[in-house]
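Since the structure comes first, as structure tokens, the remarks are kept for the end.
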Amino acid sequence: MPDYTGRFAPSPTGPLHFGSLLTAVAGWCDARAAGGRWLVRIEDVDEVRTRPGASDDILRTLDAFGLTHDGEVRVQSRCKARYQAALEQLQRQGDVFWCRCTRSDLARFGQSVYPGLCRLHTSPLNNAAVRLRVPAPCPQHFPDRVLGEQREDVAAVTGDFVIRRRDGFFAYQLAVVVDDAEQGVTHIVRGADLLDNTCRQIYLQQRLGYSTPDYAHIPLIVNAKGEKLSKQTGALGLDAAHAGKLIWLALDLLGQSPDAALARETPTVILTEAVRRWQITRVPSGLQLPADKRVPVDDAYNH
Ligand SMILES: [Zn+2]
């Protein structure tokens, strides 16, 4: 195994937009600067949200932007047996229970922490979610390469969390942790919208006997209202005809100060130079980065 294996893990809910490009460029440069591998994984574990054709569209965009990946693309919807095996391991360890609480049942407790109501249901029940038992306290911490030291008591923030949903789909938390371990991922570079999942994922890694990767959370591009770029907030898909300019803009926002003259080059030339000069410590260390006028959004957003 190489010393560095990174990954980019988009959800196929629509085309890539500038916010996802920012994360992809950061992860790609970080992996290549370390001489490492960069994998791509399609996170379609939530099949309800998957849009037909979106995966192919994302892969074509990465290709057009020169963001080359290594190895086969892993697709979560084809890995359910792996998630099931992990769930069974947790069950053998006495780490899980089945829960039929509805949202309104839980709302009566008036807090976001699961109150442990179903902890005695340690044998499978139909039409029930599977939750991971979280002991109290459950202090976790990790050194984020962009944001610095992060701490959370998982018991105080979420408590016992869902690893397989009531509708039968595996939860994002379980799928990601199994995927990263099986793909040998050592370094995770992803958007800061996922920061508050990290301590739960670290606890899950510990229960499954996996090692914990290094994390770097990249600030989210937000509009004037502080909303993350998405189709809903008017982010356009990425036009391959402007690939070089958009990569240059991403590097500029990532604090890498690319030479102005590079903006007219091809993506490959720009990325090669970016890898040579890449320093993740120069990425702005905030959760949000206000979009500037150069970020591609549609008219509804600009007005
Ligand atoms: Zn319950």
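Here the Cβ of each residue, glycine as well, is placed from N, Cα and C on the backbone.
TrEMBL lists Arg7, Phe8, Ala9, Pro10, Ser11, Glu43, Tyr172, Arg190 with the feature L-glutamate binding site. A sphere of 10 angstroms centred on the C-beta of Pro10 (L-glutamate binding site) encloses 22 other C-beta atoms.
The DSSP secondary structure for Cys118 (Zn(2+) binding site) is coil. Long-range Cβ proximity for Cys118 (Zn(2+) binding site), meaning a same-chain Cβ under 8 A and a gap of 6 or more residues, is found for Phe97, Trp98, Cys99, Arg100, Cys101, Ala128, Arg131. Taken from TrEMBL, the feature Zn(2+) binding site covers Cys99, Cys101, Tyr114, Cys118.
Annotation source TrEMBL lists ATP binding site at Lys231.
Each residue in the domain 'Glutamyl/glutaminyl-tRNA synthetase class Ib catalytic' (7-107) gets a DSSP state, and the totals come to 48 helix, 15 strand, 38 coil. Residues annotated as domain 'Glutamyl/glutaminyl-tRNA synthetase class Ib catalytic' in TrEMBL: 7-107 (among others).
Broken down by DSSP into helix, strand and coil, the domain 'Glutamyl/glutaminyl-tRNA synthetase class Ib catalytic' (127-235) contains 31 helix, 36 strand, 42 coil. For 127-235 (among others), the entry in TrEMBL reads domain 'Glutamyl/glutaminyl-tRNA synthetase class Ib catalytic'.
Cβ atoms under 8 Å from those of the motif ''HIGH' region' (10-20) belong to residues 40, 42-44, 46, 49-51, 54-55, 57-58, 61-62, 191, 220-221, 228-231, 235-238, 246, 249-250, 291, 295-297 of the same chain, restricted to positions at least 6 beyond its ends. Taken from TrEMBL, the feature motif ''HIGH' region' covers 10-20.
What TrEMBL records for 228-232 is motif ''KMSKS' region'.
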Which whole-number value in Å describes the distance between the Cα atoms of Pro10 (L-glutamate binding site) and Tyr114 (Zn(2+) binding site)?
29
Kindly state the mean pLDDT of the motif ''HIGH' region' (10-20) in the predicted structure.
91
Of the binding-site residues Ala9, Cys99, Cys101, Arg190, which ones put their CB under 6 Å from ligand 1?
Cys99, Cys101
Looking only at C-alpha atoms, tell me how far Tyr114 (Zn(2+) binding site) is from Arg7 (L-glutamate binding site), rounded to the nearest Å.
31
From the centroid of the CB atoms of Cys99, Cys101, Tyr114, Cys118, the recorded Zn(2+) site, which same-chain residues not already listed sit within 8 A by their CB, in sequence order?
Phe97, Arg100, Asp105, Leu106, Pro115, Gly116, Leu117, Arg119, Ala129, Arg131, Asp160
